[in-house]
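Okay, so here's the structure we're looking at.
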Amino acid sequence: VNMVRMLLSSVQVRRLSVSLFIYLIRLAGSGSSRCSGRVEVYHDNVWGTVSDYSWDLNDAEVVCREINCGSALEATPSSKFGAGTGQVWLSGVSCSGSESSLTECQHSGWGKYYNYYYSLHSDDVGVMCSGVIRLTGSGSTRCSGRVEVYHNNSWGTVCDDGWDLNDAQVVCRQINCGTALEVPQSAHFGAGTGQIWLGDVTCSGNESSLTECQHSGFGSNRCEHGQDAAVICSDLIRLAGSGSSRCSGRVEIFHNNVWGTVSDYNWDLNDAEVVCRQLNCGTALQAPRTAYFGAGTGQVWLSGVSCSGNESSLTECQHSGWGNSYYNYYYYYRHYYDAGVICSGPIRLTGSGSSQCSGRVEVYHNNSWGTVCDDGWDLNDAEVVCRQINCGSALEVPQSAHFGAGTGQIWLDNVTCSGNESSLTECQHSGFGSNTCEHGQDAAVICSAVSIILTGSGSTRCSGRVEVYHNNSWGTVCDDGWDLNDAQVVCRQLNCGSALEVPQSAHFGAGTGQIWLDNVTCSGNESSLTECQHSGFGSNRCEHGQDAAVICSDLIRLAGSGSSRCSGRVEVHHDNVWGTVSDYSWDLNDAEVVCRQINCGTALEVPQSAHFGAGTGQIWLGDVSCSGNESSLTECQHSGFGSNRCGHGQDAAVICSGVKTVRLYLNVFHVLSLLDLIRLAGSGSSRCSGRVEIFHNNVWGTVSDYNWDLNDAEVVCRQLNCGSALQAPRTAYFGAGTGQVWLSGVSCSGNESSLTECQHSGWGNSYYYYYYYYYDRHYYDAGVICSGPIRLTGSGSSQCSGRVEVYHSNSWGTVCDDGWDLNDAEVVCRQLNCGSALEVPQSAHFVFFVWSTSYLLCVLFSAVSIILTGSESTRCSGRVEVYHSNSWGTVCDDGWGLNDAQVVCRQLNCGSALEVPQSAHFGAGTGLIWLDHVTCSGSESSLTECQHSGFGSNTCEHGQDAVVICSVYIHMMLVSCVQVITLFDMKKLHVNVFLSVMHLYFL
C-alpha cells in the first residue's frame, strides 16, 4: 500500500499507470483468506468497505474474477467477516457479472451511504470465492466449462487423462455447483492456452479441493490443449423428495446459502423444460404440482416463475423475487404447493400402455431418441435399466415390441449386461446405430415400480428385509407400527402376491447405513411404499435391530370379480407371467394349500366354473392333486406348466376362512361367523394354548383381559377346534404382545361361535389405554388354555364331566366304551387338567342325538387342576396341590381356614371341610409353592377363584404346606353302597345311602 501511495504521488507514474492503480480491491477481516473475506476498495488514498444493499452473487462474481480467485460461491451480507472501519465507499452495487472490475458496476456513488439505525459498518459485504479453480471457455457458464486452476500466478488447464465423474464431483462441490453431471472429452469448451497445470488427476470424490487429489505434479504432463478437461455441473438446482430420481423430483434451488423450493403458481411445462435442460435430463415430460414429490421444508425461494422454455437457467426466468411466494400468507401450508418436474433423462420408457416404470426402452444419443433391439435382451439388461431410472428391480422383459413399435433410430443392439452396470450404455453392445433390427423387435421392461428390494440373511425374491432407494443410496425401514397393510404394498409392488407375515426385530438380519423410513402407515391400496404416510426420509430414532421385513406369498394370488384378500380366482406367477389354474379335479385339499400359503386360514369352499370370473392369458396348471400338507401349490402334483386343454371357464377358485362369507350348507342357510382370523401365540404357546390374537383391519392384535373369564375362553377354544377351555389366563401369562389391542371388555355367554360375536367395548377401545403411558398395556393380554384335540360334551355335561370326543381329520368323533375303564379315564382327566378320574359311566350316559354315532361315552372327573396328596393321604384328605404353568405346586397355610378348605372339598366332590391341620400334616411337598394368603368366602367353585397373592408369590417354606380333611362326598359313598345294596327301588336306595352317609359323618 505504501508503495502504491508513493507511485500515486508521482505525476509521471500517475499519467502512465492510471488504469492500473487508480482503483484497488482486497479481502480482509476476521477469518479471511486470499479468496474469501470482507470486500474493501481503495479510493482517494483510503481503504473502505462496501454496503450490502442489493449485494448478490453477480457482484461477488466480479470481485472473485478481479482478484483471480475463480468463481463466486457466496455473497455474504451483514459483516460476516467482521465490521470494517472508516469509510463505506460503495452502496447499491449492481453488476451484470461480466464486468472486469467492481467499480465498473452501477452503484450509488462514492461514499454516499448512511446508516441512521445501526453501526455504520454493520452491513459490510463479503465474498467467498472458489479460489484456485474456475470454469471457462466457449459456451461455458458459471457451472459448466473448461477446468482451469491458478498456480504460480497464472491460470492453466487440466489434462483429461483418466478424468472422470469423481474428479468432476470435486470441482462442482468446490465451486458450489451441485453435483457432476458429465465430463465432456476432447476440449469440449474449446482448447485453452498457456500452461497445462495438472495431469493424471485421481480423486475419490470426497476431497474439498481439486489440488488435494492425486496428480502427476504441477506442469508435469505430456498433454496437448486438445485434451483439456471439462465438467458440466448441476448448478444451484436439484431434484429431491419422496420417489425422486436424478431426473425427477421436487425442484429446489440454492440461494443465500440455503436450499429452498419453488412454488407451483403458474408452473408449467415451459418452466420444467428449463429445469430438465439445466440438469441435462432431456426434455420435460411432466410439471407436477401440489407437492407431488412430497412437501419440502424451510424457504420457498421462487414463485410466479414464467419461462419461455429457452432459458439456460431457472433463475433467468421471470419470477416474483427471491422469497416472495404467492402462498406466504398460508405460511403453514405453503409447501403444499411445491413444484416438481419429471424429465426424460438420457433413458426413458415410453409406448402404448407404458408407465413411469414400464414401457419401451429408448435412449438419448446424438441429440435424438432411439430404441433398443431385443436381440439377446434379458432380465440382466432390464435390471440395469430399472436401476438407472430408480424403478427398483426388473420383473419382466416383454418381447416383440410389447409396448408398440418405435420410430426413427434403433440405437443399441446385442446389449449384454452383467446386471451390475450403472447405465445401459456401460453394457457391451454392437455400437450406436449398428444393427440389422426392425422396430418390431424394440426392447421393453417392466420394473418393480419404485426403488425397493428385499434382502438380508435367508431372504428370497419375495421375503426379506425391506430396503428403499433414496438420495442415491439404499436404506432400511424401521418397524415402528409396521403391519400387514404396509407389507401388502411392498408385496404388490414387487409382484410377490399377498403379504403373509411381518417378522419383527430384524428377522432377516440388521441392515447398515441409512434408515430411510419410519412410522410408515399404509391403507394397503397404495401402489408404492413411498406413497404411504411416513415421518420423512431419514427422520427416525431407530436402530437397525428394528429393520422391517416382509414375507410375501410369492408366486400366487387371488384375483377376479368380487375377490378379496382370502377369496378369489387362483393365479400363479410363472415365466414372468400370471396365469390361472384349471379346476379339473380341484378340491378342498388343493384349496387348503392355497389358503395356508397366503395366510388365510383354512379352505371353506372350492367354487366351480370360474366363480370369480374367467381369467385371461395363460392357464398354467391343470390336474392339480395336493395331499393338503404341501407348503406351496407348485409342490403338488400337476400336469406341468401350461400343459392342459382347459378354457378359462374352468378357472379354479377358493374361499378361505379369513373372509366374511354366507353360504348354503345342506340346503339350510347358515351365516358363518368367519369375521376375523384368530390365533394363539406367545411364549410357551401351542396350537391350543397361548395369547389370544385376532386379525382385524389387516393387522394382528391382542385381547385385553378386562372381564376375561372361562366363558370367553370357551368361545376361543371352540372357534379353534381345540376342545374345552381349561383356563383363562390373564396379565400376559404367555408374554406381552405388540401393536394393537383390538378387543377389551369381552363378555361371552360361552355359546357364541366366534369371539367377535361376543359383547365388547369396540375395536381398539382398550380399557387400559390410559395406562399406556405409564405401563405397557400389553401387560393385560388375555390368554387361553384349551383341552386340545379332546373335549367333554353332551346333555348334562360340565367342564370336567361328559361324553369324550376327539378331533381327527377335521371333525369331532366319539370313543367307544369297549373295555373303557378308570385307567383310560385317568389319561383323559390328566389331559384336560381335571385331576383324577372318579367314574366311567357306561351306555352313553350323556347321550343326545348325534349323526352316525352309535356308541357314546362319558366320564366324570374331579373338576379342576387340584389334588390331595402326601403321606397317608386319601382321595379326600391330604396336602393341597394345584396345577399351574404345566407343573404341580403346594399352597402355603398362611391364613388358611375352613372357608378355603370348603372350596377345595367342593371342587373335589368330597363334601364339606372338616379340618385344616397345620404344619404340613401330610408331609412337606417339594418344588413350587404356587399359592399363599388364600382368602375364600367359601362359595367359590375353584380355589384359584379365591383372592391370593399371585402364582408363585410367597416367602413360605414347605413346612407350611396347607392340607384339608373333607367329609367325603355322596358320590364316593354311592360307589360303596351300590356294591352291597340291591337296588329294589329308588326310595330304598335313598334311605340306605342316607343312613350310610350319616353313619360316616358321625364316625
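Backbone N, Cα and C atoms are what each Cβ position is placed from, and that goes for glycine too.
Residues or ranges marked as domain 'SRCR' by TrEMBL: 25-130 (among others).
Long-range Cβ contacts of Cys95 (disulfide bond) within its own chain (separation 6+, distance under 8 Å): Asn58, Asp59, Glu61, Val62, Leu102, Glu104, Cys105, Gln106. Marked as disulfide bond by TrEMBL: Cys95-Cys105 (among others).
Positions annotated as domain 'SRCR' by TrEMBL: 133-234 (among others).
Over all protein chains present, the Cβ of Cys159 (disulfide bond) has 23 other Cβ atoms lying within 10 Å. Taken from TrEMBL, the feature disulfide bond applies to Cys159-Cys223 (among others).
Sequence annotations record features per position, and here TrEMBL assigns disulfide bond to Cys172-Cys233 (among others).
Annotation comment: TrEMBL describes 237-344 (among others) as domain 'SRCR'.
Remark: Cys307 (disulfide bond) has Asn270, Asp271, Glu273, Val274, Leu314, Glu316, Cys317, Gln318 as non-local neighbours, by Cβ distance under 8 Å and separation of at least 6 in sequence. Per TrEMBL, disulfide bond is recorded for Cys307-Cys317 (among others).
Annotation comment: TrEMBL describes 347-448 (among others) as domain 'SRCR'.
Annotation comment: TrEMBL describes Cys373-Cys437 (among others) as disulfide bond. Residues near Cys437 (disulfide bond) in space but far in sequence (CB under 8 A, at least 6 apart, same chain), listed by position: Cys373, Asp375, Ile410, Asp413.
What TrEMBL records for Cys386-Cys447 (among others) is disulfide bond. Its Cβ taken as reference, Cys447 (disulfide bond) is surrounded by 25 other Cβ atoms within 10 Å in the chains shown.
As annotated by TrEMBL, disulfide bond applies to Cys417-Cys427 (among others). Non-local contacts of Cys417 (disulfide bond) by the CB criterion (under 8 A, 6+ apart in sequence, same chain) comprise Asn380, Asp381, Glu383, Val384, Leu424, Glu426, Cys427, Gln428.
The feature domain 'SRCR' is assigned by TrEMBL to 452-553 (among others).
Taking the Cβ of Cys478 (disulfide bond) as reference, residues of its chain lying under 8 Å away and at least six apart in sequence are, in sequence order, Ile515, Leu517, Asp518, Asn519, Asn540, Cys542, Gln546, Asp547, Ala548. The disulfide bond annotation in TrEMBL covers Cys478-Cys542 (among others).
The disulfide bond annotation in TrEMBL covers Cys522-Cys532 (among others). Counting every protein chain shown, 22 other Cβ atoms lie within 10 Å of the Cβ of Cys522 (disulfide bond).
As annotated by TrEMBL, domain 'SRCR' applies to 556-657 (among others).
Taken from TrEMBL, the feature domain 'SRCR' covers 678-787 (among others).
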CB within-chain contacts under 8 A for Cys966 (disulfide bond), separation at least 6: Cys876, Ser877, Ala901, Val904, Cys905, Leu908, Cys910, Gly911, Ser912, Ala913, Leu914
Nearest of the disulfide-bonded residues (Cys447, Cys532, Cys956) to Cys233 (disulfide bond), judged by Cα-Cα distance: Cys447
Residues satisfying Cβ distance under 8 Å from Cys223 (disulfide bond), sequence separation of at least 6: Cys159, Asp160, Asp161, Ile196, Gly199
Most crowded position, judged by CB atoms within 10 A, among Cys373, Cys542 as disulfide-bonded residues: Cys373
Candidate nearest Cys532 (disulfide bond) in space, where candidates are the disulfide-bonded residues Cys447, Cys892, Cys936 and distance is Cα-Cα: Cys447
Residue among disulfide-bonded residues Cys172, Cys447, Cys956 with Cα closest to the Cα of Cys936 (disulfide bond): Cys956
For the domain 'SRCR' (866-967), residues assigned helix / strand / coil by DSSP: 16 helix, 36 strand, 50 coil
Segment-level pLDDT (mean, integer) for the domain 'SRCR' (452-553): 85
Length of the line joining the Cα atoms of Cys522 (disulfide bond) and Cys447 (disulfide bond), in Å: 21
Distance, Cys172 (disulfide bond) to Cys447 (disulfide bond) (CA atoms, angstrom): 32
Residues satisfying Cβ distance under 8 Å from Cys892 (disulfide bond), sequence separation of at least 6: Ile929, Leu931, Asp932, His933, Asn954, Cys956, Gln960, Asp961, Ala962
